[in-house]
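Listed in Swiss-Prot:
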SIGNAL    1-19  signal peptide
DISULFID  54-146  disulfide bond
BINDING   55, 57, 59, 76  Ca(2+) binding site
DISULFID  56-72  disulfide bond
DISULFID  71-127  disulfide bond
ACT_SITE  75  active site
DISULFID  78-120  disulfide bond
DISULFID  88-113  disulfide bond
DISULFID  106-118  disulfide bond
ACT_SITE  121  active site
């Protein structure tokens, strides 16, 4: 084998070994982020929705503080129903969808885990696009506001 080829092959193997220790983002999270980016105003990033209100982000408690937070509350409950009623794993479930003409189309047979999770994400992303983003509700003190 040519020494140059051996060097390239070694570099590829080393990089693959390093990449094996990097946990992948669940495919569904990537899909959901893409849906959000498609529906929200251009000046916002999907990350600005990750720690908003009482329900946007990890966990959730109390009453939603506004319409946007209610979108996250409904999304959390939708995922909960997908897990308990349909035995789906929403965070890792793959699904097919299309972004077109300012809407989102979910594919797959009704009642399948892929379709159920896609519908949860679609509904939330469209809700985000229709709801006002209130800056003071970002990074709120959840112990104080979300009881």
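Counting starts with 1 at the first residue shown.
Every residue, even glycine, has its Cβ placed from backbone N, Cα and C.
Contacts of residue 57 (Ca(2+) binding site) defined by a Cβ separation under 8 A and a same-chain sequence distance of 6+ are given as 50, 51, 72, in order along the sequence. DSSP assigns residue 127 (disulfide bond) to a helical segment in the three-state reduction. Checking the recorded positions (55, 75, 76, 88, 146) against residue 120 (disulfide bond) with a 10 Å Cα-Cα cut-off leaves 75, 76. Summary of the Ca(2+) site environment: with the site residues 55, 57, 59, 76 set aside, the chain residues having Cβ atoms within 8 Å of the Cβ mean position are 54, 56, 58, 60, 72, 73. Classification of residue 54 (disulfide bond) by DSSP places it in coil, neither helical nor stranded. Among the recorded positions listed (71, 75, 88, 113, 127), 75 has its Cα nearest to the Cα of residue 59 (Ca(2+) binding site). For the disulfide-bonded residues shown (54, 72, 118, 146), fewest C-beta neighbours within 10 angstroms: 146. In the three-state DSSP classification, residue 88 (disulfide bond) falls within coil.
The disulfide-bonded residues close to residue 75 (active site), defined as a CA atom within 10 A of its CA, are 56 out of 54, 56, 106, 113, 146. Here is what falls inside 10 Å of the CA of residue 146 (disulfide bond) among the recorded positions 55, 76, 106: 55. Annotated pair residue 121 (active site) and residue 127 (disulfide bond), C-alpha to C-alpha distance, rounded: 10 Å. Under the DSSP three-state reduction, residue 121 (active site) is assigned to helix. DSSP classifies residue 78 (disulfide bond) as helix under the three-state reduction.
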